[in-house]
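Now, the feature entries from Swiss-Prot:
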BINDING   His161, Cys196, Cys200, Met207  Cu cation A1 binding site
BINDING   Cys196, Glu198, Cys200, His204  Cu cation A2 binding site
BINDING   Glu198  Mg(2+) binding site
TOPO_DOM  1-14  topological domain 'Mitochondrial intermembrane'
TOPO_DOM  46-59  topological domain 'Mitochondrial matrix'
TOPO_DOM  88-231  topological domain 'Mitochondrial intermembrane'
TRANSMEM  15-45  transmembrane segment
TRANSMEM  60-87  transmembrane segment
Amino acid sequence: MATPAQLGLQNATSPIMEELIAFHDHALMIIFLISSLVLYIISLMLTTKLTHTSTMNAQEIEMIWTILPAIILIMIALPSLRILYMTDEFNKPYLTLKAIGHQWYWSYEYSDYEDLAFDSYITPTYFLEPGEFRLLEVDNRTTLPMEADIRMLITSQDVLHSWAVPSLGVKTDAIPGRLNQAMLASMRPGLFYGQCSEICGSNHSFMPIVLEFIYFQDFEVWASYLYIVSL
C-alpha cells in the first residue's frame with residue numbers, strides 16, 4: 001500500500017505490475033535523456049552569439065531529427081504492446097471472481113463455488129482495531145489463493161465505478177450492463193489495498209478494496225467454512 005511521502009510506485013506483487021514498473025523506468029529514462037538534450041541545446045542558444053544566417057537547408061540534420069524520434073517511439077511502443085498483450089492473456093484461470101460496484105460498496109461472487117458471495121462495506125472509524133488503516137479497511141475481506149491465475153469479472157449495478165488495486169497492476173472500469181475482465185495473481189501472501197478509482201457520487205472515497213492472499217490449502221478451508229455458515 002502507499003505510504004506518506006512515498007516516491008515512486010507501490011511494491012509489485014504480481015508479474016504484470018513488475019512489468020509495468022520496468023516499463024515506467026524505461027520510459028522515464030528516455031524522457032530524462034530527451035529533456036536533458038533539449039535543455040542543453042537551449043542553454044547553448046542562450047549563451048552563444050554565433051549564428052548561421054547563410055544556412056538555407058541542412059538535409060543531414062533533417063534526416064536525423066526525423067529518424068531518431070521514430071526509433072525512440074519504437075523503443076517505447078514495443079515494450080508497451082508486450083504489456084498490453086500480457087494484460088489480456090487468460091490461460092486457464094484457477095477461479096473466477098465477480099466484483100459488482102454499488103453506491104457505495106462492493107459485492108463479490110465466487111463463480112466456481114456454490115452460494116459463495118458477500119458484500120464488502122467500509123469499516124467505520126470507530127470500529128477500527130489498533131494497526132488498521134482509516135478509509136481502507138472493510139468488514140469482509142476478499143480472500144484469494146496466492147500463486148494462482150484469477151479471472152476478475154467486473155461490472156456495476158448503478159453508476160460507473162473502477163476496481164483498482166495498484167500493487168497488483170489492476171485497474172478496470174465497472175460499467176452498468178457490461179462485464180469487463182482482468183487477470184490478477186499474487187506471488188506472495190498478504191493484504192493488498194485498493195479503492196474505487198472513478199468518481200461515483202458523494203461517498204466515492206468510501207469504497208475501499210481489501211484482498212487477502214493466502215495459501216491454497218488455507219483458501220479451501222476458508223471457502224468450505226463460508227459454505228457451511230451459509231447453509
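Each residue, glycine too, has its Cβ placed from N, Cα and C.
On the structure: features taken from Swiss-Prot.
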| residue | record | Cβ within 10 Å |
| --- | --- | --- |
| His161 | Cu cation A1 binding site | 30 |
| Cys196 | Cu cation A1 binding site | 25 |
| Glu198 | Cu cation A2 binding site | 18 |
| Cys200 | Cu cation A1 binding site | 21 |
| His204 | Cu cation A2 binding site | 17 |
| Met207 | Cu cation A1 binding site | 27 |
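Neighbouring residues of the recorded Cu cation A1 site, listed in sequence order and excluding His161, Cys196, Cys200, Met207, comprise Gly101, Gln103, Trp104, Trp106, Ser162, Ala174, Gln195, Ser197, Glu198, Gly201, His204 (Cβ within 8 Å of the Cβ centroid). Within the chain carrying the transmembrane segment (60-87), a Cβ under 8 angstroms from the stretch's Cβ atoms is held by residues 15-16, 19-20, 22-23, 26-27, 30, 34, 169, 182-183, all 6 or more beyond its ends.
Sequence-distant contacts of the topological domain 'Mitochondrial intermembrane' (1-14), counting only residues of its own chain at least 6 positions beyond either end whose CB sits under 8 Å from a CB of the stretch, comprise 20-21, 24, 133, 136, 166-170, 184-188, 190, 192-193, 213. Mapped onto DSSP helix, strand and coil, the topological domain 'Mitochondrial intermembrane' (88-231) counts 24 helix, 61 strand, 59 coil. Straight-line distance linking the Cα atoms of His204 (Cu cation A2 binding site) and His161 (Cu cation A1 binding site), rounded to a whole number, equals 9 Å.
Distance between Cα atoms for His161 (Cu cation A1 binding site) and Glu198 (Cu cation A2 binding site): 5 Å, as a whole number.
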